[in-house]
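Enquirer: Not my notes, these are from Swiss-Prot:
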type    : residues                           : note
BINDING : 24, 81, 124, 475                   : (6S)-5-formyl-5,6,7,8-tetrahydrofolate binding site
BINDING : 230-235, 249-255, 274-277, 378-380 : GTP binding site
BINDING : 230, 249, 251, 254                 : K(+) binding site
BINDING : 234, 255                           : Mg(2+) binding site
DOMAIN  : 220-397                            : domain 'TrmE-type G'
């Protein structure tokens, strides 16, 4: 038997107790399981309330049974779904009974994601839609769930297919010019091939922009709170989270280890990490280890908020220690990850200090040369917290109220960027016309391959295995 000819079964609902639990069976000849467990054949696509029977005819449970003939099912195969009471013992008994009834047809327990993988292999959905199924299940915000649902409905795939069709059309023109060089008609000039390529690149840029937004919804951002001891990092974490997660005292070095909390800003998950204060003279070994872990968190951060005491900053400007922290942050952060100075405790700061500027009101100072963006707040009173949220969204390029976004993964962004690079090379080769038509055609082909990898039309088995094994068992 091939994989598609072997029937599979699994508990499709989450582990634990619940009002309803579902056992799903998919594959050829599941009618044998249906008749054994349900006691009779079922009318296709109709829910039937009946007892589920063991091998001796004793009742395991009462529930709903649904039978979907191929190809009109989730997997494209015959599917039987048994909906009973959601206790773990009952569900395991029902699954065991299905496996027992299906032993003659080779029924086995499904691997993680195998139902959805079969749906993909049977053309019930493409790879981007299949990934969206898992993303919908794992969505951590309402906005992420809505975007995953749009991807599952095919919004992302439609955008990719539209790009691929345009690339194919342009490839046809280039191939025609290569195959019939003696023709008097210049296919590329007659069809404005360069204009077509420009429009394709513009369309791709639009899809990539939407995909970046979707990636923010799915992945969220890692935001590290860093700075010297006792500058209000834990207070800021509590203010952003809306609860007292971290211990706050006037004693420097209170936070010894990282404290992590996930919050939402406009639907984007922000993973806020409070860290040990940064100083050279750690009080003890525990604090030293905490500082090392701070720098480890910084090396994986998307944004670092460098907190600075407002009163000291107004009186003396950036201190030598904070300037050194900024320099080290620049060297430790991943490329493209911004540093934001958060000037905290403005409620305790004078209106005008020795440096000649005021700081007892919330405001933002835009980045200027080597100086990063500054946000002036009071974590204790909450002044400026909403301003900070808005500024963080601006810094990451988030478009508020972007209801049209679809969810995207890192591999999608990589594929889109690779396609973008090949289209750029295609445009460069097009300027050489006849001398580089072969190169022009090849770059278009490579761009098409990268786009097709998103929907699974050109995808390695290794990638498929990686994607589907991350699903839950019953999906």
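Backbone N, Cα and C atoms are what each Cβ position is placed from, and that goes for glycine too.
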Enquirer: Compare the Cα of residue 276 (GTP binding site) against each of the binding-site residues 24, 81, 124, 234 and report the nearest.
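Expert: Closest candidate to residue 276 (GTP binding site), judged by Cα separation, is 234.
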Enquirer: Should any of the binding-site residues 24, 81, 124, 234 have a Cα within 10 Å of the Cα of residue 379 (GTP binding site), which are they?
Expert: 234
Enquirer: Comparing the binding-site residues 24, 124, which residue's C-beta has the most other C-beta atoms within 10 angstroms in this structure?
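Expert: That would be 24, with the most Cβ atoms nearby.
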Enquirer: At the level of the C-alpha atoms, what whole-angstrom distance separates residue 24 ((6S)-5-formyl-5,6,7,8-tetrahydrofolate binding site) and residue 233 (GTP binding site)?
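Expert: So the alpha carbons of residue 24 ((6S)-5-formyl-5,6,7,8-tetrahydrofolate binding site) and residue 233 (GTP binding site) sit roughly 49 Å from each other.
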Enquirer: Within 10 Å of the Cβ of residue 276 (GTP binding site), how many other Cβ atoms can you find? Include all protein chains, please.
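Expert: The answer is 27.
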Enquirer: In terms of DSSP three-state secondary structure, what is the assignment for residue 124 ((6S)-5-formyl-5,6,7,8-tetrahydrofolate binding site)?
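Expert: The residue in question, residue 124 ((6S)-5-formyl-5,6,7,8-tetrahydrofolate binding site), is coil (DSSP, three-state).
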Enquirer: Cα distance, residue 81 ((6S)-5-formyl-5,6,7,8-tetrahydrofolate binding site) to residue 234 (Mg(2+) binding site), nearest Å?
Expert: 50
Enquirer: Using Cα coordinates, what distance in whole Å links residue 81 ((6S)-5-formyl-5,6,7,8-tetrahydrofolate binding site) and residue 230 (GTP binding site)?
Expert: 58
Enquirer: Minimum Cβ neighbour count within 10 Å among the binding-site residues 230, 234: which residue?
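Expert: If we count Cβ atoms within 10 Å for the binding-site residues 230, 234, the smallest count is at 230.
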Enquirer: For a quick check of packing: other C-beta atoms within 10 Å of the C-beta of residue 81 ((6S)-5-formyl-5,6,7,8-tetrahydrofolate binding site), how many?
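Expert: The Cβ of residue 81 ((6S)-5-formyl-5,6,7,8-tetrahydrofolate binding site) has 19 Cβ neighbours within 10 Å.
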Enquirer: In terms of DSSP three-state secondary structure, what is the assignment for residue 230 (GTP binding site)?
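Expert: The three-state answer is coil.
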Enquirer: Can you tell me the three-state DSSP label for residue 24 ((6S)-5-formyl-5,6,7,8-tetrahydrofolate binding site)?
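Expert: DSSP call for residue 24 ((6S)-5-formyl-5,6,7,8-tetrahydrofolate binding site): strand.
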Enquirer: Work out the three-state DSSP category of residue 81 ((6S)-5-formyl-5,6,7,8-tetrahydrofolate binding site).
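Expert: Looking at the DSSP assignment, residue 81 ((6S)-5-formyl-5,6,7,8-tetrahydrofolate binding site) belongs to a strand.
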